[in-house]
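Working notes, structure below.
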Amino acid sequence: LCCECGQFHLLLDNHLYNFQDEVDDELICHICLQPLLQPMDTPCGHTYCFKCLENFMQEYNFCPMDRKKLSFQQCHKSSLLVRNLLDKLIVFCPFKAECQQTMQRCELEAHLQNRCPGLKKYKSELQRKKNPISKGKEDPPTKVETNTPKDPEVPSGGSSLVAESSAAAVVSLGTAEPGLVNPAFEETEEGENLIQKCNYRTSLVAETTTIEIHREDPEEELGMRIVGGKDTPLGNIVVQEVLRDSVIAADGRIAPGDHILEVNGVNISSVTHCQAVSFLRHPGPVLHLMVLQEKGFSNKTAQQDSASATNREVIHVTLIKRDRSEPLGIKLIRKTDEAGIFILDLLEGGLAAKNGKLSRNDRVLSINGQDLRQGTPEAAAQIIQTTESKVNFVILRQPGVQLSDAVEDGSTSNNSSSSSNGGSPVHHRRRLEQNHYRRKSNYQKGYASHEKTVAIKKEPKESLGITIGGGRDNKNKLPIYVTSVQPIGCLFRDGRIKRGDVLLSINGIDLTHLNYYEAVSALKSNAASHSVILKALEILSLNSTEPSLDIKEQGFSWSPLWITWLGLPSYLHCCQDIVLSKGNLESWGFSIVGGFEESKGNQPFFIKTIVPGTPAFRDRKLKCGDEIVAVNGVPAIGMSNSELIPMLKEQRNKVTLTVVSWPGSLV
């Protein structure tokens with residue numbers, strides 16, 4: 001507690017005051033957005049707090065406002081008139097509960113030391129706490145250190161993992177010889193590797209947390225996509241995506257990359273993908289989830305800190321709400337190893353995303369003049385929600401962080417569908433350039449694909465009676481697939497085309513490269529003829545013991561399970577190149593599983609973990625469950641884990657990953 005202002009702040013930071021009235025903009029520091037303290041004038045005519053300017057000039061050599069070249073020695077104290085005006089600003093006593101007095105700012109210190117009953121009460125309570133009767137201390141969160149990163153083993157009950165709400169598990173990733181681009185490449189029991197390159201010792205922090213989700217409608221879907229399962233190289237069940245405006249999104253505690261360990265007390269860390277989907281789709285008003293959440297690396301080297309400090313930039317952003325209730329579309333988080341609030345994500349179509357000036361991983365210094373350097377996401381949300389119109393952000397941009405991409409027009413989820421017997425207009429779009437990466441892959445764990453040709457005689461006005469989803473304009477660049485077969489069309493009567501079938505062609509017209517609207521148009525135009533020949537791919541489950549999910553999907557938007565996409569032949573895979581860049585001391589920030597093994601043969605490489613605060617996390621394009629097809633153009637199929645890892649180690653500052661991304665199963 002500061003004896004001068006009566007509030008909590010870091011020793012090197014400015015004092016904090018509660019002003020009675022709104023302070024004139026001319027008396028505000030444009031670095032901290034607070035009324036000036038010990039004001040300093042620059043030669044270019046701007047005024048800042050002494051401490052704000054001193055801290056700023058330690059990192060930069062220009063004026064924060066006009067970016068003219070500047071040194072601290074050129075600045076001088078503001079005039080006595082300005083300093084007197086600031087000292088006479090009226091402030092509240094910070095101990096409002098015991099003292100309702102107001103006074104000039106320059107009188108507050110004397111008030112606190114000599115007259116304030118609130119500070120006296122605080123000091124006496126502090127003195128009592130210093131000499132309590134010892135009753136033992138609460139156990140700290142459990143920490144485990146090991147030189148080989150391993151997936152956490154989850155007991156069936158799970159209670160030993162959780163102390164009250166959470167327990168931390170720290171995995172040390174070290175290297176024996178300084179200078180080697182090694183650490184984190186030691187294989188785990190599952191062959192998982194964290195793609196990291198650095199020459200210092202660090203720790204990757206993960207935390208298990210129990211989360212209680214409440215649903216007003218017990219049948220309502222949670223609104224997240226999952227990948228993994230014991231029948232895949234991923235092993236664990238991993239959250240791939242959280243859908244906007246869903247139950248999970250509203251709760252805000254689960255994020256992409258979290259590993260789900262338990263559902264309502266049932267251990268799902270070693271169940272198949274279908275079994276996990278079945279557990280998570282089980283209806284109920286309350287859902288108890290135990291999740292493992294990556295928290296990032298726990299410490300940084302001095303070199304990293306100085307390197308990151310050199311290029312940081314203070315940016316002012318103003319967002320204008322149409323009314324008080326309009327959301328900004330920003331997700332805010334706290335980090336375990338850095339104070340303050342950071343932007344985790346900008347929701348697609350939201351006010352912040354449309355504005356384009358805020359970026360993921362920006363640190364929020366203040367909102368509407370209120371200092372949030374030591375604040376919480378809840379405090380920031382309260383300020384935003386109570387603001388009528390203008391929301392003024394001051395943010396600190398970290399090095400290597402790019403502005404978020406513009407919102408893609410029409411990148412809808414793969415649940416979009418259209419009936420072939422409707423009369424809605426078709427909006428043609430420019431065909432997107434596709435990057436098809438032909439490769440040999442026979443990985444069809446649990447599923448196999450079977451091509452079939454269906455020839456049908458029909459009345460010209462009779463509809464096919466199907467709805468479709470997917471399309472190469474979809475964000476996952478999916479093939480066209482059947483989402484439902486209506487009981488009014490000729491395909492229902494024939495019975496050979498089923499929900500989930502991938503449509504390859506109609507009357508000789510290839511559908512595999514079309515976007516959604518082009519496919520709808522092709523199906524409608526060819527449905528007008530007397531005969532239709534459809535080629536389709538049926539994906540068959542090879543495991544008859546898996547639970548039937550069709551029964552449990554009532555109330556859920558239907559889309560194929562993630563694991564069924566893995567059974568598609570490679571000519572239907574649509575790859576994309578993701579380019580990651582990093583500094584010399586940074587980790588790539590993702591772990592992989594899979595590859596060739598003598599006992600299992602060829603398996604794809606999958607992204608299992610993406611570590612917060614790393615290049616892979618900041619880029620936002622790579623997702624858990626993505627399959628790595630090639631590295632810098634070199635095919636990964638047939639490689640073992642020990643062959644692919646050195647290839648990734650050799651890439652110093654830039655790597656191009658060719659990946660196939662399938663949407664996770666919706667729960």
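Placement of Cβ uses the backbone N, Cα and C atoms for every residue, glycine included.
In TrEMBL this protein carries:
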- 135-153: compositional bias 'Basic and acidic residues' (COMPBIAS)
- 410-424: compositional bias 'Low complexity' (COMPBIAS)
- 426-442: compositional bias 'Basic residues' (COMPBIAS)
- 29-67: domain 'RING-type' (DOMAIN)
- 210-295: domain 'PDZ' (DOMAIN)
- 316-399: domain 'PDZ' (DOMAIN)
- 453-538: domain 'PDZ' (DOMAIN)
- 577-663: domain 'PDZ' (DOMAIN)
- 127-160: region 'Disordered' (REGION)
- 405-452: region 'Disordered' (REGION)
Confidence summary (mean pLDDT) of the domain 'PDZ' (316-399): 83
When counting Cβ pairs under 8 Å to the domain 'PDZ' (453-538), the leader among 29-67, 210-295, 316-399, 577-663: 577-663
Tally of residues which DSSP labels helix, strand or coil - the domain 'PDZ' (453-538): 17 helix, 34 strand, 35 coil
